[in-house]
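Only one structure is covered here, and it is reproduced in the block below.
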């Protein structure tokens, strides 16, 4: 019916099979005039609304300039419009012109020109719409339209030509001419549509990001990436070569959208959680009521025993409930958030995946047609060529869709990771203290590295969740059509395998969770070890820590071994699956009926379908395992992100209050439900007031400041603060940036104000000594500044911020007394820079108290007294008692001939009164040598650069300026030696066996397929004959045996490989750890902790998990490709001709790609470190960032850092797609040529071999791709072996133990001699000590003084050989210390270092990591160090867990623990490095007494910035610029009136009054 109407419409036959049933087939003209016209036009009309949309938006007219290309496009369409009008005119003239024959033309000659004319007008509008579209350079729909049009017009093109040639003349010249003119114009328009139309204003953008200017063609083939690949091939890529990200791929954009959805979902989850808790509460109450009624009924007849049991039960229940409470957190919101944020990209990927999956099933059908074509020799050759071309077209489309799908998936993975990293960072900034306690820095960094990576990986393959089942179902349908019910046998085998896979997945999940715990534990210890490395070296504790790390690593490897065996088993199953499935199906098929013959069509179509099946079957279990691992990460992330935030409403900012700071009856606790630490505090501080807070260690001074910052939970009362805050923490927090950046801290730079602040904070002299002045880079945690300098930088930051209220947490304890006086005078005091600001100063220094407006005395977390200094002295309270106690002690000591003259400079600050002198002496007595800082300051490294005055040449200056060297990055090809290193770690024997086993497996695979090909020929041999059963059984038996053999060999290979890989992991980690513990201190000074930690985290993770998988896949894929090529050459020898050019192209693509990809992976690795470094820095400086309210700035910085990393990740994803699409085209050519040669040589080849060669070729595309991908992944991942071994071969310090072991009693006398001793920190730097010679007798007490940077701490570093001599030697009891092992030396000396470093673990472990001493010894030293009462009060006593970095002890308590360590060692030589930091007067006095009593028989060297603590020394050594300038008893030095005298005068000690000490 329809055909008749069309024939009338065309005026010719619509369809006739005879057109195709000949050697030169053609299509009927009617089809060409209707169907082939309607296809492109229909497509165009469907897509038109999309292209016309910009025309409807009024606001955006003429956004782009007119370009030449635009005019050309419009001109071509206008010309086409004219040809359409021409066509209509011809018809009208023919029908109605003067020469008309009366017979009217068919309707098609009217409608087609009109259709075209309207389409061309529509196209003009579409192209104008495209011009107005924001950032559009071309249109995909227009390109496809032109492509379809040209393709459809090829048929009439050849029809007209063939007709003209057959007739020898052109019948219809006007239409003939018009058609060829319009065809030419269409081709031109097609070419123009493939060119990018980049407007002038977008050229800059396109330079920075070529993807923005890529055409549709370039986007689908990834040609826009060519320039990057070329650049990467010519020279190694660097970060500067990376292109900008698209706007939608920026962290800021992704984070904002993710955050928006997260807030909604998390809110709902919290409501769900509250409802659940409510219900639980109601249920528990009901239960209790029931129990009560029961007990009533029993009355009094209940025995005591039963009651006891019930009591126990209740306690158990309560415990359970407590645990439950802890565990509860908002759940099941993260995945929904991810879905809502990225749903569009998910849908797009799903669309492409669906198309690709469906196209995958077209190839087996074409293969089937191809086999039947080769069987029937009588069929026309063009059919074969058509199938070959169709195979190529289908394969190309499949490749294009697949790459678009994969690109979207990987970009999605990248975005999910970026979004999670951004929210984790944001969360860390607002995390409450309870939440912070739950997760250590190590764990949080792990969330950011490992867990986000898990999500990244799982989102890459998430579509397989629906795609795998779809592929399985469609395969089964097609198999049913081939083999009928016997397919069910195969299906049954598959279904049986599902529960086994499920079981394996669950097991894998448990192992994975276990593994993550060990990893967390190991990284936590590594983090502490690296942060406290200086302390560990000074105490020679490396072996203890090494054992700890190795024990945890041992557990980790045990789990990894189990995991590896599991993986081998599941690999065995997934490898056997296809063989078992095909065996079951074929065996049942031939056994069911003797009529069922296995023909080539059936066998190879089925094999192709089984190959398609193979992928989803092997991917599903892997995906499930991956999802299972991600669920673990999901829980960890939900717990972290769902935790409570710090409340913003704790501190109010109500301007109606009169006071600047007021606390009204406030009680504050560190945790929500714990006892308040500060109780009933009420304070009122007037604007512009200076208030001092004093009290004993642990009385709550720092906590009070934390409460004012809003860092504590407010259980009652409230705080009101007017204006902005600045905070100077007790331990200076310094960023790894320039000195200027640290002081400006985000404020704009104003030269005059900056200089004023530097001057006031006494940083002027220090700057002169820094190589690049205020632009000198400060290392991680401020390692190249002394403690005092750090504290002054921290203070300068506060002063520069020009805030209204200043919270100063004991900033003067870390600086010398004369500097402290300067700071008080010029900054904090009544005449300082901050004189009009409100200042709250926590201090242990009594001398400043007379000059403050108010003194607040803290006792046990309560405000004991408040008032001015005079009032408190008069009131005879706690404060007065403490002062009096010291005054008495001093007046007893005071000599009668006291000289009463203070330096004139001092008298400005301190009027010459009895009161002030008393205070000053008090301060002397109490030795404010208090000095501290949180993070592990390495050495007094300031010296190294401060001594660089002599550096004249600019290159040298640059060298000193960069302390932290840029991370080295290997470039070029990975050296073969790196692979060898890994194989050596696996063991050569293992490697050879693995290769042999995999090779055997490959042979079995080829054998099985050749056997199948031979089997299908039976169908021809036994045509119309009975098929003998013995032959059938042999066929099935051998086929099955070969299949099972494959699985078995794979199992053995994987097992061996897994075992070998675990050995390799063990060896590489051991080497790394061994070496890192033995590298000299200078390595840690110049290498950020994050960078070393990255080796232990990401790199070891890769060696553990990624490399073994890649090795096994690589071997299997390579052997698979070789097998395919062998089969192809066997079946069609012609193929050898094609292999050579294809191999050459393949080689080049691979070389180009690998060069680029490898470097991109390295860049990704290197840009990852700063993310974690910045994160770690942020977490350690949280209170400062929050106090200054700079969270936004840090968020922005984090976004920029993540973006830098995303640039290289995005480029790597694109480089993978660039390579994949090219290799897939190559693979498609292999299929095409296999088919083509099969057609050409169809008379000489049997159909079984055709089936075999093409079904293999269809499989090769993926494998080719895989090999290059895996080769590249392997090259880029093996870089981790390279990075780990880089740190495994760092130069070591001297051996720990040598043959020259000193006697057990050495050093007996404790005599120390320096002989012409010179030292420098690094070879390129100047000498720090310049020829020191001195002799210190045993039992002498030596004080070492000197200005900052004189080389005091360097001296102690030399005694411990932290830095080795450049010249000269040190003798202890006559033994040259450079001849003995480091541990022999360090174990015999004791140091109380500047920084009280503690490690997480028990108190006992912190004091004695080797378990050498008894508990009695422990308690003895705790008593001597005045900690016994504190420790006895703890529930666990010596087993009390110390938090990471000792955070649950006050700084004073940490310092006392360090004293306890020293007492425990009791060695002949003690070095005190400004050890009395952060301790109140009383405790300090106790410490001084303990030291003088307990170490009276020892040689004691005290390094002090304050002279008071060393005035009773036997002798004082005065250092200046690395030389001894004076060395004599304090009294002689005072008489000399030299360096020491001037320093003493600065400190307010005069000739006679020092004798008080």
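Residue numbers in this text run from 1 along the chain shown.
Placed from the backbone N, Cα and C atoms, the Cβ positions cover glycine too.
Just so it is clear, the model here is predicted, and its values are computed rather than measured.
When TrEMBL is compared with the stretches 1-22, 177-198, the one noted as transmembrane segment is 177-198.
In TrEMBL, the feature transmembrane segment is placed on 384-402, out of the ranges 346-364, 365-383, 384-402. Counted over residue pairs separated by six or more positions, the transmembrane segment (74-92) shares fewer than 3 Cβ pairs under 8 angstroms with the transmembrane segment (35-53), which leaves the two as not touching. Segment contact holds for the transmembrane segment (1110-1128) and the transmembrane segment (991-1011), given three or more CB pairs below 8 angstroms at sequence separation of 6 or more. Tertiary proximity for the transmembrane segment (1134-1154) is limited to same-chain residues at least six positions away from its ends with a CB under 8 Å from its CB atoms, namely 229-230, 232-233, 973, 1125, 1128, 1215, 1218-1219, 1222-1223, 1226, 1229-1230, 1233-1234, 1237, 1240-1241, 1253, 1264, 1268, 1271-1272, 1275. Listed by sequence, the residues of this chain that lie at least six past the ends of the transmembrane segment (991-1011) yet keep a Cβ under 8 A from its Cβ atoms are 579, 607, 983, 1035, 1038-1039, 1042-1043, 1045-1046, 1049-1050, 1052-1053, 1056-1057, 1060, 1115-1116, 1119-1120, 1122-1123, 1126-1127, 1252, 1256.
The domain 'ABC transporter' (1312-1546) scores a mean pLDDT of 82 in the predicted structure. Scored on C-beta pairs under 8 angstroms, the neighbour of the transmembrane segment (487-506) with the top count among 35-53, 107-125, 461-481, 1038-1062 is 461-481. Nonlocal intrachain contacts for the transmembrane segment (35-53), taken as residues 6+ away from its ends with a CB within less than 8 angstroms of a stretch CB, comprise 27, 112, 115-116, 119, 122-123, 125-126, 129-130, 139, 141-142, 144-145, 148-149, 152-153, 155-156.
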